[in-house]
Amino acid sequence: MDLDYNPSRKSLIKNKWVATVASIWIQCTSGSLYTFSIYSPVLKSSQGYDQSTLNTISVFKDLGANAGILSGLLYSTTVRGGRRGPWVVLLAGAVQCFLGYFLMWLTVTQVLPRPPVAVMCLYMLLAAHAMTFFNTANVVTGVHNFQNYAGTIVGIMKGFLGLSGAILIQVYQTIFKDKPSSYLLMLAFLPTISSLLFMGFVRIYKSNEENEKRYLNSFSFLAVLLASYLTAVIIVENILKLRLSIRVFTFVLLILLLVSPVFVAIDAQREKSYRMIKSLLEHNQVTDDREDMPQIRQNEVSNGADQGTETSDDTLRRGDDLNLLQAMCTISFWFLFITTACGMGSGLATVNNLAQIGGSLGYTSLEIDTLVSLWSIWNFLGRFGAGYISDYFLHAKGWPRPLFIAITLAAMSIGYVMVAFGFPGALYAGSVLVGVCYGSQWSLMPTIASEIFGKVHMGTIFNTITIAGPVGSYVLSVRIIGYFYDREASDNGKTCIGNHCFKLSFIIMASVTFLGSLVALALFFRTRNFYKHVILRRLLYSQQWSSLLVDTE
């Protein structure tokens, strides 16, 4: 807790808890990337694209949504020396989001003439690129605000982003059902308005408070509750045809669940105010001795946290903050790059082709929409669960986080094998396993990057690594899935029906993710001494420092 904290009306809305709630709300509307299958059919039919052309456009979507170097550089530049940086990054994202989707909507509705494929790719790139600005501002700010629980806060932010796909689809089905062109217009306005409304609250507050884990657990509980509710609604909608009044009722309940995080922020700030007022009543003044004590102990903490030992990478010896070029000179960076290409690349290729995969296996339009919505739920469970579980095992058992990348990529390869052989229900079962493991990469990789390379340039470094996702997606989506699909469909026009359409593609993706698992295992062995001698010591001393601040109240 800050020793100079002064309860005031201003502090009620300007604190790390309100900043977290604002970031959550922005994340909840930023996941249009995961709903491509909703509007891709109208994009394909209105522009006369074949499957390979549609996959090429989807690759530019993946490239825009993962090439976040500019957002990282903008964040590092604007945040340095002040707290006003994150809103600039969010504003830049809002402008790109509106322009990209609005131009796409004008094209699909034929207000604008049909553009060349390259121009449509540019529209998609611009719209998707906005997500990197939303994501960078919210995730990196969260890591700065909760340094002792980086995995948990990254999991929360990435988790709500994963849920946003299902949330956006619920809005679509309630207001614009069976009007995918109107959905494009909604994507132009909703994320933009959300970002503009809440960007002023997203700030960095460098303070450690008592019971941070307790309130982060409350955010986590609400995230799980929201995911459970969305899952139930999606399943019921798949079984029953709901009347408009019932859909509106379920939508109102959804809005109430989305509002609920603000009560966690109020509770956290109320407790902090209570503790501070109680401390002021008990102590008339703080003696010089007690003022000096935290400074001495803080020096001890700093010295202790820096006492690293030799690791496999000389640049990782003391856990220094590395810039992008320094990070790229380490083997650990490229290990993370390869695992990201295998895990995120194959996952992006899967979600981009869910509609076509479902169609080839005889699924109805409603079942395909259900698959896309449930993918967001599994994606959430992976993002949230991997961050929370890896934090637990790091604090309790000292297990390095790269081990969890190895485990999830191995499980991901099993999911692809299940889909490849196409037994009844295989797409549902396989998409659960693949979705959870794919989501895990989104919380594990940024957290590992912040621990290995430091937090100062975290936004730039993890966004650079994320570029591996669309690289892998291009190879697997266009050169593998698109190529084999079009080859199988050559005798029947542009449509392929049957298990054979995607079987070989998924066997190849299973092999790719297994290779990524082996690379992650190598990263685990390479960094385990670093985690033992640097990361765990840093956590220990930080916790002792937080306890000392509480004792001085």
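Each residue, glycine too, has its Cβ placed from N, Cα and C.
Here's what TrEMBL has on this protein:
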- 16-266: domain 'Nodulin-like' (DOMAIN)
- 329-531: domain 'NFD4 C-terminal' (DOMAIN)
- 17-36: transmembrane segment (TRANSMEM)
- 56-75: transmembrane segment (TRANSMEM)
- 87-105: transmembrane segment (TRANSMEM)
- 117-137: transmembrane segment (TRANSMEM)
- 149-171: transmembrane segment (TRANSMEM)
- 183-204: transmembrane segment (TRANSMEM)
- 216-236: transmembrane segment (TRANSMEM)
- 248-268: transmembrane segment (TRANSMEM)
- 324-349: transmembrane segment (TRANSMEM)
- 402-421: transmembrane segment (TRANSMEM)
- 461-484: transmembrane segment (TRANSMEM)
- 504-525: transmembrane segment (TRANSMEM)
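The transmembrane segment (149-171) and the transmembrane segment (402-421) are not in contact, since fewer than 3 Cβ pairs between them lie under 8 Å (pairs 6 or more apart in sequence). For the transmembrane segment (402-421), the list of distant contacts is 339, 342-343, 346-347, 357, 382, 386, 389-390, 393, 427, 429-434, 436-438, 440-441, 444-445, 448, 499, 502-507, 509-511, 513-514, 516-518, 520-521, 523-524, 527: same-chain residues at least six beyond its ends, Cβ to Cβ under 8 Å. Long-range contacts of the transmembrane segment (17-36) within the same chain: residues 58, 61-62, 65, 90, 101, 127-128, 130-131, 134-135, 137-138, 141-142, 145, 153, 156-157, 160-165, 167-169, 172, 183, 187, 190-191, 194-195, 198-199, 201-205, 215, 219, 258, 261-262, 264-265, 268-269, 351-352, 372, 375-376, 379, each at least 6 residues beyond the stretch ends and with a Cβ under 8 Å from a Cβ of the stretch. Scored on C-beta pairs under 8 angstroms, the neighbour of the transmembrane segment (461-484) with the top count among 56-75, 87-105, 117-137, 183-204, 504-525 is 56-75. Remote same-chain partners of the transmembrane segment (183-204), defined as residues 6 or more beyond its termini with a Cβ less than 8 Å from a stretch Cβ, comprise 13-14, 18-19, 21-23, 25-26, 28-30, 32, 35, 38-39, 79, 83-87, 90-91, 93-95, 97-98, 100-102, 104-105, 108, 127, 130, 134, 137-138, 141, 144-145, 168, 171-172, 175-176. Proximity of distant same-chain residues to the transmembrane segment (216-236), defined by a Cβ-Cβ separation under 8 Å and at least 6 residues beyond the stretch ends, is recorded for 20, 24, 146, 149, 152-153, 155-156, 159-160, 163, 166-167, 170, 242, 250, 253-254, 257-258, 260-261, 264, 267, 370, 373-374, 376-377, 380-381, 384, 388.
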